[in-house]
Every structure is written in C-alpha cells, then in structure tokens.
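Take a look at the structure set out below.
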There are 10 protein chains.
Amino acid sequence: MSDTPAPKFLGANTALPASPEEAELDYVPNPRKGQLYMVRFAAPEFTSLCPVTGQPDFAHLVIDYAPGETIVESKSLKLFLGSFRNHCGFHEDVTVGIGQRLFDEMNPQWLRIGGYWYPRGGIPIDVFWQSGAPPEGLWLPDQGVSSYRGRG
Amino acid sequence: MSDTPAPKFLGANTALPASPEEAELDYVPNPRKGQLYMVRFAAPEFTSLCPVTGQPDFAHLVIDYAPGETIVESKSLKLFLGSFRNHCGFHEDVTVGIGQRLFDEMNPQWLRIGGYWYPRGGIPIDVFWQSGAPPEGLWLPDQGVSSYRGRG
Amino acid sequence: MSDTPAPKFLGANTALPASPEEAELDYVPNPRKGQLYMVRFAAPEFTSLCPVTGQPDFAHLVIDYAPGETIVESKSLKLFLGSFRNHCGFHEDVTVGIGQRLFDEMNPQWLRIGGYWYPRGGIPIDVFWQSGAPPEGLWLPDQGVSSYRGRG
Amino acid sequence: MSDTPAPKFLGANTALPASPEEAELDYVPNPRKGQLYMVRFAAPEFTSLCPVTGQPDFAHLVIDYAPGETIVESKSLKLFLGSFRNHCGFHEDVTVGIGQRLFDEMNPQWLRIGGYWYPRGGIPIDVFWQSGAPPEGLWLPDQGVSSYRGRG
Amino acid sequence: MSDTPAPKFLGANTALPASPEEAELDYVPNPRKGQLYMVRFAAPEFTSLCPVTGQPDFAHLVIDYAPGETIVESKSLKLFLGSFRNHCGFHEDVTVGIGQRLFDEMNPQWLRIGGYWYPRGGIPIDVFWQSGAPPEGLWLPDQGVSSYRGRG
Amino acid sequence: MSDTPAPKFLGANTALPASPEEAELDYVPNPRKGQLYMVRFAAPEFTSLCPVTGQPDFAHLVIDYAPGETIVESKSLKLFLGSFRNHCGFHEDVTVGIGQRLFDEMNPQWLRIGGYWYPRGGIPIDVFWQSGAPPEGLWLPDQGVSSYRGRG
Amino acid sequence: MSDTPAPKFLGANTALPASPEEAELDYVPNPRKGQLYMVRFAAPEFTSLCPVTGQPDFAHLVIDYAPGETIVESKSLKLFLGSFRNHCGFHEDVTVGIGQRLFDEMNPQWLRIGGYWYPRGGIPIDVFWQSGAPPEGLWLPDQGVSSYRGRG
Amino acid sequence: MSDTPAPKFLGANTALPASPEEAELDYVPNPRKGQLYMVRFAAPEFTSLCPVTGQPDFAHLVIDYAPGETIVESKSLKLFLGSFRNHCGFHEDVTVGIGQRLFDEMNPQWLRIGGYWYPRGGIPIDVFWQSGAPPEGLWLPDQGVSSYRGRG
Amino acid sequence: MSDTPAPKFLGANTALPASPEEAELDYVPNPRKGQLYMVRFAAPEFTSLCPVTGQPDFAHLVIDYAPGETIVESKSLKLFLGSFRNHCGFHEDVTVGIGQRLFDEMNPQWLRIGGYWYPRGGIPIDVFWQSGAPPEGLWLPDQGVSSYRGRG
Amino acid sequence: MSDTPAPKFLGANTALPASPEEAELDYVPNPRKGQLYMVRFAAPEFTSLCPVTGQPDFAHLVIDYAPGETIVESKSLKLFLGSFRNHCGFHEDVTVGIGQRLFDEMNPQWLRIGGYWYPRGGIPIDVFWQSGAPPEGLWLPDQGVSSYRGRG
Ligand SMILES: [Ca+2]
Ligand SMILES: [Ca+2]
Ligand SMILES: [Ca+2]
Ligand SMILES: [Ca+2]
Ligand SMILES: [Ca+2]
Ligand SMILES: [Ca+2]
Ligand SMILES: [Ca+2]
Ligand SMILES: [Ca+2]
Ligand SMILES: [Ca+2]
Ligand SMILES: [Ca+2]
Ligand SMILES: [Ca+2]
Ligand SMILES: [Ca+2]
Ligand SMILES: [Ca+2]
Ligand SMILES: [Ca+2]
Ligand SMILES: [Ca+2]
Ligand SMILES: [Ca+2]
C-alpha cells in the first residue's frame, strides 16, 4: 500500500468543522485520469437550519460528477456536509451552494447535485442543479430518489 | 334485483352534510347474518381542520368491523367522512370519535379504526382504536399501511 | 399418466356457466389424504354486478382451505368464478357466499376467503370470512394483499 | 440571520384564504439568480370540489419550475393550494389553472405541473401541463408518481 | 356552479350499454383550450371475451391524450369501457380499436393506449398503440405499469 | 364469433414439441394491419439445458415486436418456448436465436428480445437483442425487469 | 374553537432547546380518556452526536403509546427530539432514554420506542424498548421500518 | 479443510437424475447437532409436468426444516428437485410429496414446504404443508413469498 | 464526553484479525442495565470460504439480542465479522457459530442470528438460530429480510 | 453437445486466483457473431480492500457489453472478480480498472461498468464508466440498481 496517496482525513479522527467556511475538502489525484467516468455520492445524513425560524431542516443529497485532474476524498466530503449542522440557509440556496463550491474548487468536467428535503407544512422541496449540459459520452443514470407521497 | 333493500344514498345524488352531526349513516340488514366475518373500508380521502391553527389536516383512515344485525352502506359512510371537511378536532379525538360513533350506532360485534395522519412538523401521528378484544375466530389481517419514512 | 383421475373440465373446452347456480364444481380425490395441509387460490379476474345500480364490480379473491376427502379442480373453480359475470350481489354477500358454497359442497377441514374489491366512491371494501377457527397445526400464511392507498 | 428576506407568511399564523382569488403568493428573490436549476414541490394534501356533483375531489400535485428573478415561498404556496378547498372545478381545469397562475405571476424560466387525481368511477385522471419545452441544459428528473393499479 | 357544462352521464344513473357500438362517448369543451397538455386515464376494471374460446379476458388499460377542442367526460368513458363486457375480440384488436375510436371521434392533438392483459397460458400480452409521433413540447411520462413476473 | 380466423392450437390440446426444430409457430393475420403498434409477451416460464454441464437453466423472457402482415398466436408461442425444455444452448445463443427465428419467420416491422437468466455461480446473465433501430413513431416502453440483487 | 385547550408551543415560534434537559414536553388532557387506544409518532428527522468521536449520528425513531390522563402535544415532542442535536450518547442509551423520559413524565398506560440508526462501519444498530408487556386488548401494529440491506 | 466431510455431489459434475425415484439425496452430519435451529432453502427453478395435459408447470418452492442428526447437502437437493423435470403430478401432490420424502429420509425435528405455482387459467395455486406443529422455541420467520396479483 | 467508557477499537485504526480465533470482541457496560430491551445489528458485508471448494461465500447477517450486564461495541463486532474472510465453514456452521460465540462470551439475556446466504446452484440457504425462547415482555420485530426470488 | 467449445473453467473446480494479475479470463467465440446485441452481468458478490485502512470494501457490480468476436465465459469472470479479495484499491480505481481490462482484452464493440459500493462514513460511492458512446442501434436498458437511502 506504499504508493497510495495519503488522504488528509481518511483513517484519522477529525472534529466536525464549525461551519462550511471552516471545512476543508481534500482533493486527491484522479486514479483514472484521462477517462470520462462518473462518480456518485449519496448522503442521506444532512441537516442545516432554517434561516427564518431557526428550526432544523433535513435533506437527502445526491452528488454526481465527472472527475478531471482530481477526485474528492469521501471522508472530507462527509466532514464538509457535517459542517452545515449550524448553518442557516434556504433549501434552494444550500443545495445549489454545495454544488457550486465543489464545482469551483475541484474543477471537474461536470457536476450536478440533487437535494431532496424533508417536508415542511406537508410540502417537501427538491432542488436540482447542474454545472451545464453533461459531457457527450458520459453515462448518467437517474438518481432515482423516490418521490414524496404523504400517507396511505 | 327486486328484493334488494333500497339504500338511502346509493344511486342518488346527495349534498355533502355540513357537519358530522348532520350526517346520517345508513345501516342495512346484514346479508350474511349469523356468520362471523370482517368488513374493511379504506378511506384515503379524509380531511378535517386543526382546532388550534384552523389549517387543514389530512388522513388515510382504515375501518374494520364484524357485522351484527346490520352493515353500513358505503355511500353513506363516504358522506359521513366528507362531513368532517369543516370540523375542527385533534387527530386522536377525530379518529377515536369516528370509531365510537360507528360502533355505538351500528352495534357490530366488534370494530376498530386506524387513522394515519399526514406529517406536521415532520412528524405524523397514527391513532389505533378498537372497541375491545376481537371476537374469537374472527380473521383479522393487518391493515398494512406503510410507515412514514421521510425522504431518501 | 394412466392412473390419474380424469377431471371434468381440465383439458377440455367448456362454455362459461350462465349463473352461479348453473356452475358445477369438480371435486377430485385428495392425493395426499390424511395430511393436514393448505391450498391457496388467488383469483384476480373476478367481476359481478351491483344489485342497486347494475354497474360492474371487480374484485381480487383469495381462497385458502385445508382439504378433507377431496380437492377442488382449479379449472372448475375458474368456471364457477366466471359464472358471477352477470350475477347481482353486494360485496359482503358475494364474498361470503362463495366461501360458504365451497365449504358446504367440498366439506374441507377448514376454509376462508378474502375478497378485495375495487373502490367505489373512493372507498374499497374488503371482506374476510372463515368457516371457523383454523385447525391446530395448520400452517397459515397471511394472504398479503396490499392495502388500497389512493394516489401519490 | 439578519440579512435574510422576511417572508410574508413563514413563521406566522395565517388563516386559510377563502378562495384562490383571495390567496396571495409570496415571491422572494432567487438566492441563486443566474443559475439554471429546478425546484420541485410535492403536495399530496390537495382537495377541491366537483363542479357537477359538489362532492370533494382529492389530488396529489407535483410542481416543477426553473426560477428566474424570484422563487415562491413554500408556506404561501401551501396557503394558495389550501384555498381550493371550497373551489369547484374539473380536474383538467384546476390542474392547468394552478400551473398557469404560478407561471404568469412568478415569471420563471419554465414550469410544469402534474396532477394525480384520486379515482372516480374506478378511473383516476392524471393531468400533465408545462409552459413550453424545457430550457436546454435543465436537469429534469421524472416526477415518478406511481400509476394507479386498482386492487390485488 | 351555474356556468358549468352539463355532462350527459355524470351525476345520473345510466345502464351499461350492451355493446361498444351502442355506447355513446360524451365530449365536452376543453376548459383549457389552446394549451398543450396531457390527460391520462387508468382503467384497471376492463373485461371482454376471447373470440375463440368465449372465456373472459381481463386487462388494465391506460389512455393518454392531448386534448384539442374537447375532452372526454370520464363517466361516459367508463360506460364505454364497460360495454366491452360481452364483446369478443383479440387483445391486439380490442386495445388498438379503443384507441382508434377515441382518436377518430374526439379528434385530439394526439392519443395513445397501453393494454396490459392478464396472462393466458402463463404469458400475458401487452399492446401499445399511438396515433403518431407525440407533439413537440408535450410532457409525456411513462405509464409505469409493472411488468408481469410470474411467482417467487 | 364466426368470422374469427381459426388458430391452429388455441382451444385445442397439443403435446409439447420435442425440440425447437419441431415446433411450429402459428402466424395469423394482423387485425389492425396498417397501424404501427407494439406487442409485448412476458414469458417467465422458460427452461433449457446448459451445453457444457447438461444442467437445467431458467430464464424470464420478454419479447416486443411491431406487427407487419401477421401477428403470432400466443399459444403457439408458448409451445415453441416449451420446446426448449431439452435443448442445450448458451444463454447468449438461445436468447438471440429465439429473437431471430421469430423475426425471420414472422417478418414484423421490428422485434427485440430480453432474456433475463437465473444466476449461475452467483452471476446472472441478461441478453438484449433487437432486429435494428426501432421504427420512428413506435411507442416503446422499458421492459422493466428488475435487476438481480443477491440477498439482503 | 374556544373550548380547545391552548397548547404551549403549537401555533407559536419557539427556539430549539439547547439540550434534552432544557426541553419541556407539553402534556394536554387526553380527549378520549377512558378509552384504550394507541398513538404512534414517526420521527425520521433525528440527530445526536457520538460520545467517542463527536461525529453526528442520525436515526429514524418511532414511538408508540397508550394514553392515560394526558397525551403529548406533537410540537413539544418535535422540540424535545430536536434538543438532542448537540447531545452525545450511545445509540442504545439515547433510544431507551427518550422512551423512559416520556414514560416517566407522561405516565401513559404503556409505551415503546424503536430507534433505527443509520449505519456506522457498514452496520446499523436498531434499538427496541418497551415499558412492559402491552395492555390486554390494545391494538398494536408492527412499526414496519424496513431492514437495512446495503447495496444491490 | 482436511476434516470436512466429503459431500457426494458438491464440487463434482453429476448428471440430472431421470426421475425423483432415481435421485439420491446426500445427508451429512449436522455440524451444530444439539442446537435447535432452522434452515431455509429457496428454490425458484422448479418445473414438472401436468398429469392431465402433459404441459410444463413451474413453481417457486421454499423448504424450512429444523435439523436432527443430519442436514441435507444443497447440491444433492438441487439435483433431486431437477429430477422432477419429466415427472407428472398435480400441484398439491408434488409439493406435499417433496416435503414428505425429505422428512421421512432425513428425519429432521420438523419440516415444512411452501409451493408457489405459476398461474393456470389465471389462477395460481399455493400449497403449504408441515410435518406437525413446530417445535417450541424454534424461530420461524414467514416465507414471505409475495402474493400473485395479476396485472396493473 | 469524559465519563464515557473508552472502547478498544472505536475511534482507532485496527487491522482486520486473521481469523475468528484471533478476533477480540469488546463488551462495554450496558448503559441501560436493568431494562429489558433489544438491540439489532444488520451486517450485509459478510464473506467466508466454502470448506469443500474453497470458493468465496457471501451472506447478509442480522443479529438480535437482549443485553444483560454488557453490550457489544459495534466496531469490534465489525472486526470479528471481517475475520471470517479467510475462514472455511458450511453456512449452517458459520451462522450458528457466530451466534453461539456472542451468546457465550457476552452472556446476554437472549440472542438470535439470521444468516441469509447468497445462492449457490440457484438455491440460497437461510439459517435461523436463537439461544432459547425469547424473554417474556421483550419486543421482537421480524428481521424482515426479503426472500430470494430468482429473476423476473 | 459435441460441437460446443470447451470452456477452460466451466464444469471444473478451480482455485481462486491470488490477485487480478494472476486471474485469466476465458474468451470463447461469439455464438451470434455479426449480430449487435448486449450482454449484462450482475455481480453482487464483490469485495476488495481499502488501500488506506486495509479494511474490506464491498460492492455490487453490473457489467454491460456488446460482443465482437468473442464473449467472456461467466465462470472465468467469477474467478477474476473473486481475485480482488486481497487487492487494495480505491473505489474509482477498481471499478474503472475492471472495465478497462475487460474492454482491452476482449475487444468488444462497447462496454460499460457500474460499481455500487457499500457506504463508508454513511456515504456510498457509485462509479459509472463506459468505453465510449454506445453503438447506434444497441438496445441499452438502465442498470436499475436502487439508490442508497439510509434508514426509515
Ligand atoms: Ca410536515
Ligand atoms: Ca373512486
Ligand atoms: Ca404476519
Ligand atoms: Ca396518498
Ligand atoms: Ca372507484
Ligand atoms: Ca390488479
Ligand atoms: Ca395463466
Ligand atoms: Ca423514464
Ligand atoms: Ca447461483
Ligand atoms: Ca445486497
Ligand atoms: Ca457506514
Ligand atoms: Ca404482523
Ligand atoms: Ca410476522
Ligand atoms: Ca420468478
Ligand atoms: Ca430511465
Ligand atoms: Ca430516510
């Protein structure tokens, strides 16, 4: 295992960053550089705060991207998402903001994020953002998160 | 079809009663009197009002009963359930109240009601009431309403 | 195949009986007489007529029984169920009636029937009848017909 | 939380508007203006009245849109949808009408609405309207509301 | 409710027509004329007869169309579908025939029908017909009827 | 029923052909000739033999085609599929071979076959063949056979 | 609505309590006192912290109880559950502790809690506690939370 | 691996026995003798022949047993089940017969078999047999085979 | 977090033990001692080797227990399960053996294990063992692992 | 069976190769050369090691390809996948690497691989790679692996 790059957080204990601003994402070299492929993260453990009422919000997030020079190490992604625990933001803002930060910092060939928020007032909001039209030849399955259905 | 009892509402147009008090349930002779069997109604189209905020509430109701002398005609049941449209009541009160009224008026051998309410504040309430222990020898399948799961 | 009993209808073309009264059920010797076991028929292709409005009704029926001296041949059962096509009856009456006829004619150790009717006025009716408490030692899985849920 | 825009209804108690005409929708600035993204609302708690019989109708609605200058605040949307409680309209009319009002008032880049109505006479109606062909580069997952299947 | 067009059958009791030829479909003015939208009917209560054996056949039908000048009133559709109860026809013929009659009479912008027939000899037949390529800009979700899978 | 074409096998008892070579498929006139539509058969009762080990193999087959002058009668299809019971062939060979024989003999406008084989060594094989690109304007839903998932 | 008891939190804006110790649960009179019935809350929006690593944990909680003199008001329950956001505790401890606090304070006839925690190290923990054997005659459906299955 | 008992068939190539009579089941010592536990086999690849029509029948079988001195080696079970390929028998007879042979030869503490047959004439038969009441203290989950539902 | 017992493995990096014999399970004080409750672990990531062929086997394991003086720390459980990676054993032996070791070492009030193994030769084996009849008053939901179904 | 090509591993016992480098894939002549079709393998029994922590990783893999001159024999594929048991690699690297080796060695017309990895830190990674845009006219159903959803 000697020539494996040493990730910053994987295999170590790291405290949760206090805010998204303090969270550091770890980008490691793409082990299959030159190939066009897609990576998907499903993150059902996400919570932030409502900017108007201060009450907790919860979401299931799914992030898809086509790596360029680097890939994002998943433990650093986990810590970044955890750093929203005390962050206030509207659903639309938080979802698109996570996508844009990853896109701007990592510089992948393409990225999208789906945010599937738990219902408020009986009505959930889902937010879908992508960095642009997907690259030709990229294989792009549906995220397939089931629709909210109420009861019965 | 000449010896079929004439229901009060089935096959006729009837306006929605203005309140549960004004609604009349139609009980017709049990066509299999003397047999112990169970009847189940699933009513996913139920709505009432919150007594504190005045906002609409929605529920999926399932009613099970073992007929005695009579059965309840389903169109009159539909009108009765529709009469809660402008009625204010807590989830626990409305659910148990519907069960008790049917039980007291129809006098079946046994009755139960499950009320599966849509979430408020992210938390749905389900209410389960029965008139007593079920009669021995009654076949009683689960109501099988799926549990609320949030998103993801 | 020479010592196989010759069923009356299986392997032959038979017209649909005009009414339940005209339908003949074919009971053949129980090939495992002396064993306590259960047979289940699922019959999702059932239709009869409403005695008040004359409109078609549809149901999914599931019949469970523990054979005695005979078993019922499934093609004759199919023809019997098909004979309700022009029969008028309330859901409760038709369901329990089918169970009683089979029980009375075949004389099994035990029998039950579940009738899962399509919704009318947004409310489906399910009917559950059994001939008595199941025999001790009989293995009796749930019928597992999913509950009606409306839309969403 | 000081620089968050103050919504008109979120965090306050507001009575249900008496009709769609009286309902006021609250449009707040798009927090990610300039980005092409999609917002989805699922609203399983919808009811109106049949214009012919006066009986209640129920639907599960799903609204998708690509924001322009503004987004619609979800509590005002909830109140707007609740205002149809005493409104009479055909399924096709109500569904398309909700979509058109939102599109005309909010002026998004694009909008669509799916209305999944509960069965009447055993036959549910679904209505699908969109404001035009979706913008190029918009990510547009299926609404994924399951098809009505009757019983069994 | 005074300016609502009066449907021929909705809100009245009407006997089932004896054959498709005798059934009259009721086309009412499109309440959202000029809009391109889609209407879907799911009809799980369909039965006809096999032209060779005379035995009953059952199907789950789903009809999608984009209205032109008129829409079809759903109770008249229900009666039309019920009129096949004593009609003999092959699966392919009945399914496509229903689609063609609706298309020819109603003159919508576009129409399709999916017929999902119950298995015969262990093999179900599904039939898919459309009047032509769908209009550009029409939103057209999958019918999503689950595939037949046998047992297990 | 007098002007219905008489199928060779439907409504008669026919022994299972001993091999695919001996099986005769029955092609009857297309009752909706001139229309572009699709027919789907799902056949979950298929078995053949492994050419290397001689052990039984099982598959779930789904066949889609757009009829030309004729359609294939489903009982003859059932007998043809049953004739593979003692036939040895690799999964890829059997699946594509069935598709090609039907395409070559029936001469439809287009045909495809999906073969979903039961796992061997923990790994199932699925095979997907079509006769060419589908005709323009043909409505072609997914076959929707669920993916193999192991346990858990 | 004048004779409805005024809940402490419902219909008002209340900040999230800083810890479970600071959270106050609101118990209101049981509107159906004297009846034996069950109330179920499903709370999929729950998070606390790991006492060893300090990392966030997530759970789906389901609480069932048979009311005595009082019922718990659901908004106060929501605030109580939200107060665990910065609380450190093992899964077993937190789940049983929530059940015991509600049972000790509310004094219902009976109570149980199921805690379904998200996986750590690929292995989720579920915790099931009840205050004792359920009262005779209480109707007690399964909580029906689906089992964790990994991928595939 | 030296002290592992050598099974007769596992790890070797064995031709399919020509009939159940020729099939030999391999019983190996119970590795946890003295413990009361249950073993379940699911066998979705089963086929035999109809004794009246000679047509193939298919079933999904599930066998549960509590071992005594021996367990049955699964490859020999597979060969035994495969030996029914050219065997004629009624569903009830074949299912109970397989259970009885295993019970009589293996002499387990207890055994049951569920046979879930594919539909014929639209009606599937399920058969449930057990050797007697299950031993006290045996853990016995449902077999959970989903019910047949037709289409839609 | 100072009075939390320090687990041996949680929060540290530990190599996978080479065999079950080398694996050490970490039992920590039961934080709710004196309460009768149940803990469930689902472990879908399990693999061992076949003692006859040496080929890898895979299983989904679910372990339920009622703690006594101690609970088992989940990271040590993960390492223990991982230590079977190069261990050879029959399905029945491995499953019951894991249950017995945990029961003997931890000394809980009660324990059971369900092992759901991936199919071999088309037939999966499930193994169900418990330490004895469950304690009275323990709440014991089904493990709910879905049954193997082959394809289709 | 005399003219069937003799596979290298099928029907024989072969030890698991010690590493991917030692594994030999067996390519046999394409039995339907000249036809454009697709083959899918689902492999839910895959495990490798994390290059940073040395802990086991698990994945569900699905491989799709359009054969050229040869097809890959499935037992050799099974052995190849099993050879990763002691191989260390990142999820992205292993998934794409398997796809590339198969593509380079077998030289099919086209190939793709989906790797659906079990969650680490609550977040699973899926990897999707294809050798290029799919050939025109190839039928290419979704892989349909369900999305990870956490609990509830
Ligand atoms: Ca809510
Ligand atoms: Ca209805
Ligand atoms: Ca059960
Ligand atoms: Ca619903
Ligand atoms: Ca209806
Ligand atoms: Ca159905
Ligand atoms: Ca059939
Ligand atoms: Ca689609
Ligand atoms: Ca296998
Ligand atoms: Ca799995
Ligand atoms: Ca994890
Ligand atoms: Ca249950
Ligand atoms: Ca159960
Ligand atoms: Ca199957
Ligand atoms: Ca798709
Ligand atoms: Ca969830």
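In case you wondered, yes, glycine gets a Cβ from its N, Cα and C as well.
According to TrEMBL, the active site, thioimide intermediate annotation covers B:Cys50. The active site, proton donor annotation in TrEMBL covers B:Asp57. The substrate binding site annotation in TrEMBL covers B:Val72, B:Glu73, B:Ser74, B:His91, B:Glu92.
Chain C comes close to B:Ser74, taken from the recorded positions B:Cys50, B:Asp57, B:Glu73, B:Ser74, B:His91, B:Glu92 by a C-beta to C-beta distance under 8 angstroms. On the backbone, the CA of B:Glu73 (substrate binding site) and the CA of B:Asp57 (active site, proton donor) stand 26 Å apart. Residue with the densest Cβ environment among the binding-site residues B:Glu73, B:Glu92: B:Glu92, by other Cβ atoms within 10 Å. Proximity to chain G (Cβ-Cβ under 8 A) holds for B:Glu92 out of the recorded positions B:Asp57, B:Val72, B:Glu73, B:Ser74, B:Glu92. B:Ser74 (substrate binding site) sits 26 Å from B:Cys50 (active site, thioimide intermediate), taking the Cα positions as reference. Ranking the recorded positions B:Cys50, B:Val72, B:His91, B:Glu92 by the distance of their Cα atoms from the Cα of B:Asp57 (active site, proton donor) places B:Cys50 first.
The residue listed as 'active site, thioimide intermediate' sits 12 Å from B:Glu92 (substrate binding site), counting Cα to Cα. Classification of B:His91 (substrate binding site) by DSSP places it within a helix. In the three-state DSSP classification, B:Glu73 (substrate binding site) falls within coil. Comparing the recorded positions B:Cys50, B:Val72 on other C-beta atoms within 10 angstroms of each C-beta gives the minimum for B:Cys50.
All protein chains shown were included, and the count of other CB atoms within 10 Å of the CB of B:His91 (substrate binding site) stands at 24.
For the binding site of substrate, formed by B:Val72, B:Glu73, B:Ser74, B:His91, B:Glu92 according to the record, the largest Cα to Cα distance is 25 Å, rounded to a whole number.
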